[in-house]
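If you check TrEMBL, you get these features:
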COMPBIAS  100-142  compositional bias 'Pro residues'
COMPBIAS  179-191  compositional bias 'Basic and acidic residues'
DOMAIN    1-62  domain 'THAP-type'
REGION    84-160  region 'Disordered'
REGION    179-198  region 'Disordered'
Amino acid sequence: MLPQKEREGKRRGLWLQAIRRGNPDGKLWDPASKFVYVCGKHFVTGYHVKNSEHPDYVPSIFPNRRILTDGTVKLRRFQNARKREFEKIGKRRKSEAPPEDPPTSAPVEAPTPDPPNPESSVPTPDPPNPESIVPTPDPPNPESCVPTPVSSEEAVARPLSHSEHVAVAFEVAHLRRERDEARQERDEARRGQAAAQANWSKDRLSANAIRGSDTACRAMTGLSWVVFDTLHKYLVQFINTSRKTVRLSTEDQLFLCLLKIRQNPSFALLSQVLDKPKSTVCYIFHRWLDLLYAKIGFLIHWPDRECISQAIPPVMRAKFPRLTSIIDCFEIRIEHPKALKARAKSYSNYKKWTTAKYLISCSPAGSITYLSKAWGGRASDVKIVRESGFLSPMYHLRGDQILADRGFTLKDDFALLGASLLTPAFTKGKKQLPGKDVEESRIKSSVRIHIGKCIYFPQTGKLFDQFET
């Protein structure tokens with residue numbers, strides 16, 4: 001198999017240079033697939049070897065190509081070099097081994113020969129000359145030509161020769177080298193995988209993940225990439241970048257703040273993914289949230305009467321020609337406050353939970369024109385309207401029409417400003433409403449229902465969707 005680019009990039013380059021296959025554009029062939037195989041006929045021994053000194057470390061046999069040095073010659077040179085190397089190792093080990101002491105035995109006295117007797121002495125013949133003796137060859141034994149089987153016990157008990165020691169040392173060293181290479185590849189793969197996973201998780205929660213992609217940017221922040229980039233360029237001039245307290249770019253910090261508003265992941269999750277302390281993530285979010293409130297709060301403003309009149313839909317104009325706003329209150333769940341008084345003020349009987357309550361107003365065209373400060377969920381709609389500053393001549397002129405739910409019993413308050421508060425008819429104390437009241441209530445409710453879309457934006461973190469063009 002062709003070596004992988006991530007693990008053996010250098011060896012892969014040598015293989016591609018040896019193959020010399022070109023692309024149609026003239027560049028060297030570099031396949032993208034991981035499963036590319038090279039035939040064993042291109043190797044001297046028939047298979048590749050991971051030893052860089054071996055001739056088969058790179059394929060070398062190709063048809064119609066002049067070969068400067070035969071592969072078998074290279075293989076023989078490699079084997080001879082290996083043999084000399086391990087012979088040196090064997091000699092060094094043999095020289096370093098302690099000398100063996102010869103076996104000691106008890107001295108044996110040699111027998112004393114008897115004196116010669118002259119009478120019994122017989123002349124002995126001279127000893128034969130070794131050079132004159134010609135050994136007579138023994139007749140061949142057919143049984144000696146057949147190798148006798150050696151048992152495993154005899155093979156183990158038999159000492160190894162020097163050449164066998166060299167061969168075993170060569171094999172052991174080769175196996176150890178392959179083991180070390182395999183361990184190194186495994187460790188590199190593990191480190192690369194861990195680094196890739198860490199970088200992937202961090203990059204997915206950064207501005208680089210949405211750069212240039214409107215779909216991804218809208219899914220995570222609610223803005224298109226052009227609007228996000230413009231907003232960042234506007235806000236970054238108000239950030240003190242001299243203090244390097246946070247090792248995140250300003251783009252990533254704004255992305256983190258908008259992601260929290262849009263998708264509402266927990267601070268603990270963001271802390272784990274970004275590998276940042278939870279306190280740092282909270283600091284980034286609240287810092288940029290305050291900046292957004294201070295610098296782009298002007299986007300929610302009360303328009304002029306001419307703008308409202310020009311943007312009012314024709315269907316609403318026919319029914320309510322002087323309609324300027326549609327109001328309602330909405331609640332957002334919050335954590336239970338630790339203080340008992342604060343918990344009592346924020347508990348909502350409607351939601352059965354502690355909530356923050358807001359007054360919201362939208363124009364007939366559907367844009368948010370007013371958003372009050374937060375109140376406890378226990379506060380009534382009437383109290384919030386009266387104390388939030390919405391009842392002001394700055395917002396209402398004589399003849400204006402305001403649509404609201406039947407819970408806003410504030411007709412007298414708006415009448416003091418010369419405006420009319422339009423609410424559905426009450427059924428309390430009446431068996432049946434007149435046909436005229438039923439029809440008027442139906443028309444008012446059909447128009448007032450558009451406030452629900454405006455409430456949907458802040459409740460779901462999609463407040464910026466209305467500013468998209």
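Quick reminder: no glycine exception, Cβ is built from N, Cα and C everywhere.
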Mean of pLDDT values spanning the domain 'THAP-type' (1-62):
78
For the compositional bias 'Basic and acidic residues' (179-191), what does DSSP give as the number of helix, strand and coil residues?
13 helix, 0 strand, 0 coil
Across the domain 'THAP-type' (1-62), what are the DSSP residue counts per state (helix, strand, coil)?
17 helix, 2 strand, 43 coil
